[in-house]
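**Student:** One structure is given below, represented as structure tokens, and several questions about it will come after.
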Amino acid sequence: MSIQRLGYLGFEVADVRSWRTFATTRLGMMEASASETEATFRIDSRAWRLSVSRGPADDYLFAGFEVDSEQGLQEVKESLQAHGVTVKVEGGELIAKRGVLGLISCTDPFGNRVEIYYGATELFERPFASPTGVSGFQTGDQGLGHYVLSVADVDAALAFYTKALGFQLADVIDWTIGDGLSVTLYFLYCNGRHHSFAFAKLPGSKRLHHFMLQANGMDDVGLAYDKFDAERAVVMSLGRHTNDHMISFYGATPSGFAVEYGWGAREVTRHWSVVRYDRISIWGHKFQAPA
């Protein structure tokens, strides 16, 4: 048994208030809860999908991967333990905070916290309503979206996420960033979404490179682009990726890592073949210096 989807993400941020404004007015998320020290946000019928907690890191804090049942959670726990990973069965306080029925946690080879759960809270009686009028986000069986981490050892990352957690490799991109710097990106999937997680040995001090939201319509992306562009907060221009074919742009967040906002990604198929690419984009995705 492997995990089924990316369910939620948590970030440690220096300025919760800025994130509350950013998530609602730039990304079109719906605020679910908020205080001076933390906030959560919705993008669909789930009680929350994104959490920000006050702290100095301005970086990745945790990811939550979903399974469909208690049995599935037990099977993932056994798989992790079989691969030498220490697993913690979380208690009632954190279970209540996450709004799930069962929860385990561990760390990947680089100390990144990973949570696996089942039984998330649905709020069909309180429909998602974007404050900016976003038509909706592609979630459901594909989960939240994706995120990309910088790791020190790609072989160790590949072993942990594919063998212990059950991800499958979608493809690889050898990306020449510039000035002779080249990195290899690994893209992993666990459902129809082309990738829910990716990693590479990237330059820079942050663990989180970016996270991605997939909107239901291209106009949603264009309207979001205009908001970022007006604030000179576009990091990479509109473009279309070679591997998942998503049309997207990248914007700056209040914490220094990026958010990818896209539409139109293709899905993995039953007879998917792993391939490699020499470029990240068919067109576009030109670097821009945010203000």
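Note that Cβ sites are derived from N, Cα and C of the backbone, with glycine treated the same way.
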**Student:** The Fe cation site in Swiss-Prot includes HIS146, GLU260. Which of HIS210, HIS241, HIS285 is also listed there?
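**Tutor:** So the Fe cation site in Swiss-Prot includes HIS146, GLU260 plus, from the candidates HIS210, HIS241, HIS285, HIS210.
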**Student:** What counts of helix, strand and coil residues does DSSP assign across the domain 'VOC 2' (143-264)?
**Tutor:** 24 helix, 58 strand, 40 coil
